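These notes concern the structure reproduced below.
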Amino acid sequence: MPIIEQVRAREILDSRGNPTVEVEVALIDGTFARAAVPSGASTGEHEAVELRDGGDRYGGKGVQKAVQAVLDEIGPAVIGLNADDQRLVDQALVDLDGTPDKSRLGGNAILGVSLAVAKAAADSAELPLFRYVGGPNAHILPVPMMNILNGGAHADTAVDIQEFMVAPIGAPSFVEALRWGAEVYHALKSVLKKEGLSTGLGDEGGFAPDVAGTTAALDLISRAIESAGLRPGADVALALDAAATEFFTDGTGYVFEGTTRTADQMTEFYAGLLGAYPLVSIEDPLSEDDWDGWAALTASIGDRVQIVGDDIFVTNPERLEEGIERGVANALLVKVNQIGTLTETLDAVTLAHHGGYRTMISHRSGETEDTMIADLAVAIGSGQIKTGAPARSERVAKYNQLLRIEEALGDAARYAGDLAFPRFACETK
């Protein structure tokens with residue numbers, strides 16, 4: 001049996017230069033695995049709590065308390081447990097913390113152990129992680145939702161929408177989808193230069209020009225797709241992450257592109273975009289607690305576009321269940337650090353699929369070289385992954401892992417392509 005023998009932890013840096021937690025787990029059979037925990041810039045209020053140190057060190061963002069929690073409490077609690085019983089291990093972590101938001105020991109400390117245990121168990125079983133988690137039928141390669149133009153909390157510009165993504169839905173394979181996305185990315189750089197706009201990068205590797213607004217950004221990306229010799233809509237679709245909580249103020253409304261708007265007015269704005277651009281997905285179009293607005297928006301345009309819940313659901317089965325009951329969104333963004341254990345993440349995915357919701361696996365803006373989410377995307381058959389631009393090694397690491405998985409699967413590999421969005425046709429395709 002793959003019994004946990006040793007647990008170690010340390011403080012490392014993420015892609016934004018902020019500290020995060022790395023955990024190592026060793027089993028009695030000699031197997032060893034390591035996991036690093038990501039961190040978000042625009043975080044949902046209802047996410048699992050990251051344990052940070054406060055004080056002057058690293059501007060208060062140190063994670064020595066979380067590391068110590070692993071060494072002093074979490075590690076001793078899981079040593080001796082069977083690593084291939086992930087649910088047992090994760091339940092032990094949840095029980096040990098004893099809070100609904102993992103605020104005592106820290107979601108970052110707990111997640112590091114959860115993921116490292118899963119990796120060690122997979123290695124002990126001599127299985128790739130995607131096969132260990134997903135079983136023998138895991139074979140779907142996801143559409144890469146590439147964030148090639150950054151705004152909002154991911155860039156120091158006046159662009160309110162946080163992410164403008166390209167989705168190579170017409171590619172025949174993941175390797176070709178990655179090539180198409182990379183070529184559009186480079187074409188966008190040329191388009192921006194011709195317009196005299198900045199080609200500096202945001203947190204997730206996308207360009208961060210200070211353009212006039214949403215439609216200006218979408219026009220630039222559409223030009224880049226055509227410049228790369230591809231067809232907007234048929235070959236490469238568009239997607240947005242509005243991260244609307246970031247421009248919502250209680251008592252005021254949505255302060256968006258210089259105008260204060262209601263939820264209904266935001267819905268009208270998005271509806272207008274659908275007729276003009278080949279959009280297949282909009283994430284967080286409204287604020288995280290605007291349940292009524294979300295329900296009305298979903299009823300209005302949910303049959304025309306994928307509506308992804310991130311901050312409103314925070315990968316939490318309880319919040320997702322409420323969303324399903326209220327008709328809120330039609331897809332779930334999956335971020336393992338929002339809920340804090342692999343088991344709870346998989347429970348949320350199962351609930352989403354049973355409720356008829358699509359799932360999109362996602363990175364965070366503060367990433368590491370850890371490639372676990374690439375394996376997770378294939379394991380659950382999500383058909384979609386969001387892990388930044390095809391630039392910066394912490395983003396590219398995930399794409400390269402998916403290339404390896406596609407190669408390992410051989411003839412069994414299937415690229416999701418436009419089947420990842422079966423209910424939504426690009427209106428301008």
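The backbone N, Cα and C atoms fix where each Cβ goes, glycine too.
Feature annotation from Swiss-Prot assigns active site, proton donor to E204; the stated evidence is sequence analysis. In three-state terms derived from DSSP, E204 (active site, proton donor) belongs to neither a helical nor a strand segment and is classed as coil.
Residue density at K335 (active site, proton acceptor): 26 other Cβ atoms are found within 10 A of its Cβ, drawing on all protein chains shown. Taken from Swiss-Prot, the feature active site, proton acceptor applies to K335, supported by sequence analysis.
Among the features that Swiss-Prot reports, Mg(2+) B binding site is placed at S42.
Feature annotation from Swiss-Prot assigns phosphoenolpyruvate binding site to S42, Q162, K335, R364, S365, K386; the stated evidence is experimental evidence.
With a cut-off of 8 Å between CB atoms and residues at least 6 apart in sequence, the same chain places E163, A239, L240, D241, A242, A243, I307, V308, G309, D310, L333, M360 near E283 (Mg(2+) A binding site), listed in sequence order. What Swiss-Prot records for D241, E283, D310 is Mg(2+) A binding site.
For E45 (glutamate methyl ester (Glu)), the same-chain residues lying six or more positions away in sequence with a CB closer than 8 A to its CB are T245, E288, D289, D311. Classification of E45 (glutamate methyl ester (Glu)) by DSSP places it in coil, neither helical nor stranded. Annotation comment: Swiss-Prot describes E45 (among others) as glutamate methyl ester (Glu), evidence class a curator's inference.
Per Swiss-Prot, glutamate methyl ester (Glu) is recorded for E50 (among others), and the stated evidence type is a curator's inference. In this structure, E50 (glutamate methyl ester (Glu)) belongs to neither helix nor strand by DSSP; it is coil.
For E73 (glutamate methyl ester (Glu)), the number of other Cβ atoms no farther than 10 Å from its own Cβ, over all displayed protein chains, is 16. Reduced to three states, the DSSP call for E73 (glutamate methyl ester (Glu)) is helix. Taken from Swiss-Prot, the feature glutamate methyl ester (Glu) applies to E73 (among others), supported by a curator's inference.
Among the features that Swiss-Prot reports, N6-acetyllysine is placed at K102, with the record citing a curator's inference. K102 (N6-acetyllysine) falls outside any helix or strand according to DSSP and counts as coil.
Summarising the annotation, Swiss-Prot assigns aspartate methyl ester to D123 (among others). In this view, D123 (aspartate methyl ester) is surrounded by 21 other Cβ atoms within 10 Å of its Cβ, with every protein chain counted.
In the three-state DSSP scheme, D210 (aspartate methyl ester) falls into the coil class. Note on D210 (aspartate methyl ester): other Cβ atoms within 10 Å of its Cβ, all shown chains, come to 13. Here Swiss-Prot flags D210 (among others) as aspartate methyl ester, drawing on a curator's inference.
The phosphothreonine annotation in Swiss-Prot covers T341 (among others). Mapped onto three states, the DSSP output places T341 (phosphothreonine) in coil.
The glutamate methyl ester (Glu) annotation in Swiss-Prot covers E369 (among others), and the record cites a curator's inference as its basis. E369 (glutamate methyl ester (Glu)) falls within neither a helix nor a strand when secondary structure is assigned with DSSP, and so counts as coil.
Annotated aspartate methyl ester per Swiss-Prot: D370 (among others), in sequence order. Listed in sequence order, A35, A36, P38, L115, A397 are the same-chain residues at least 6 apart in sequence whose CB falls under 8 Å from the CB of D370 (aspartate methyl ester).
According to Swiss-Prot, the aspartate methyl ester annotation covers D375 (among others), on the basis of a curator's inference. Other Cβ atoms within 10 Å of the Cβ of D375 (aspartate methyl ester) number 26 in total over all chains.
Marked as glutamate methyl ester (Glu) by Swiss-Prot: E406 (among others). In the three-state DSSP scheme, E406 (glutamate methyl ester (Glu)) falls into the helix class. Summarising the environment of E406 (glutamate methyl ester (Glu)), the number of other Cβ atoms within 10 Å of its Cβ, over all protein chains shown, is 21.
Sequence-distant contacts of E50 (glutamate methyl ester (Glu)), defined as residues of its own chain at least six apart whose C-beta falls under 8 angstroms from its C-beta, comprise S39, V63, A66, G106, G107, N108, N337.
In the three-state DSSP classification, K386 (phosphoenolpyruvate binding site) falls within a strand.
In this structure, D123 (aspartate methyl ester) is part of a helix by DSSP. Cα of E407 (glutamate methyl ester (Glu)) to Cα of Q162 (phosphoenolpyruvate binding site): a distance of 33 Å. R364 (phosphoenolpyruvate binding site) carries neither a helix nor a strand DSSP state and counts as coil. On the backbone, the CA of D123 (aspartate methyl ester) and the CA of K335 (active site, proton acceptor) stand 23 Å apart. Closest in space to K386 (phosphoenolpyruvate binding site), of the modified residues given as E73, K102, D375, E406, is D375, taking the CA atom of each residue.
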